[in-house]
Amino acid sequence: MGEFACPQFQSLGERYPVLEKLQKVSIVPLVFLIFYEVSGGPFGIEDSVKAAGPLLAILGFLVFPVIWSIPEALITAELGTMFPENGGYVVWVFSALGPFWGFQQGWMKWLSGVIDNALYPVLFLDYLKSGIPQVGGGLPRASAVLGLTVVLTYMNYRGLTIVGWLAVLLGVFSILPFVVMGLVSMPELRPSRWLEVDLHNVDWNLYLNTLFWNLNYWDSVSTLAGEVDDPAKTLPRALFYAVILVVVGYLYPLLTGTGAIPVDRESWTDGYFSHIATTLGGVWLTWWVQGASALSNMGMFVAEMSSDSYQLLGMAERGMLPEFFSRRSRFGTPLTGILFSASGVLLLSWLSFQEIVAAENFLYCFGMLIEFFAFVRLRMKYPTASRPYKVPLGTVGSILMYIAHVLRLFSWMASRPILGD
């Protein structure tokens, strides 16, 4: 094992002994942090029914996790336990391809995360403006975006364990109305509606984009692996439970909505679950679903900011950023990384939704291509390195699986608007 006595494999615990004294994130908060980094609930999956009908929508959220989400989660489990430190995918690329590509991966993924996070205060206010029209535009809206960003940033400053348990509370609040909706829908369920399909009337572009958009970012949790309690065991288990939570969190509302109410595909657009809630349960359930949707954006914001800020801290610990990025607050949080991430959110929150999505798509896809190559490269470059969890396919099997994965990513990139289309 002497060949691994190099900076790529140097223990950060030896260089930063203070890390051992910080309170670590346990499995339950970690599961919900992953849940919010990937999903946040079924808000936004309605277009899958509009594009392809009930049967293909249901099959999509059964099959796509197997061919896309699980491979991405397996990479995260293997490399996150191989490098149980902050920085995640940046450290993987740094170790596989060197500091140049490590830095490229770092800035692209950080910017992608900040761009993604710029959406959430805006979407939260969009839910509020029906009841508070003043936040629909102008100075009141700008002030509200600033206020929300400051409050949620402060939660990240106070500690990752606080953010983790906040994610648990928000997650339970967001999931429960759909559990209730499913229970009250049982007398109205008609399973034959789930089988409705018209293969001659499918918007494949919208359908695949909806699936892809809602089943991404499993690798985000890797950037805070150094804050996880016993990451060798906790990280793979948390990813396993999170995959189940996300998939069930999509399928259960889909089965409820398409089975209990006659399907009008054109009506299945963003926010349609509120209409289903009104039909099945009344106004009280509608308000609960709308409140859950609004608060889900807060959960996604704090989870994403945690990932982005700990990524910068990990990059500084690896020497890819100036040392002041590695400084922690008295709560153990990456103060400089949080401030930089919050500043990026405020600067980018004035972009239009289409501009944000186009930029994020490009950066995310390019970053994932580098990440897949780094995974294969590490298998070949360090075949005997310690991997507490290892993808159970062998190196050749993993390469074949990820060749298919890369081809799917290229085909998806070709169908998306890229920076100004």
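Quick reminder: no glycine exception, Cβ is built from N, Cα and C everywhere.
Taken verbatim from TrEMBL:
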- 25-45: transmembrane segment (TRANSMEM)
- 51-75: transmembrane segment (TRANSMEM)
- 87-104: transmembrane segment (TRANSMEM)
- 163-184: transmembrane segment (TRANSMEM)
- 238-260: transmembrane segment (TRANSMEM)
- 272-289: transmembrane segment (TRANSMEM)
- 335-353: transmembrane segment (TRANSMEM)
- 359-379: transmembrane segment (TRANSMEM)
- 391-414: transmembrane segment (TRANSMEM)
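At the 8 Å Cβ cutoff, the transmembrane segment (25-45) and the transmembrane segment (163-184) share at least 3 close pairs (sequence separation 6 or more) and count as touching. Here the transmembrane segment (51-75) has long-range neighbours at 38, 45, 193-198, 201-204, 206-207, 210-212, 215-216, 218-219, 239-240, 242-243, 246-247, 250-251, 254-255, 258-259, 263, 265, 368, 371-372, 375, 391, 401-402, 404-405, 408, meaning same-chain residues at least 6 beyond its ends whose C-beta is under 8 angstroms from one of its own. In this chain, the transmembrane segment (163-184) lies close to the transmembrane segment (272-289): three or more C-beta pairs between them fall below 8 angstroms, excluding pairs fewer than 6 positions apart.
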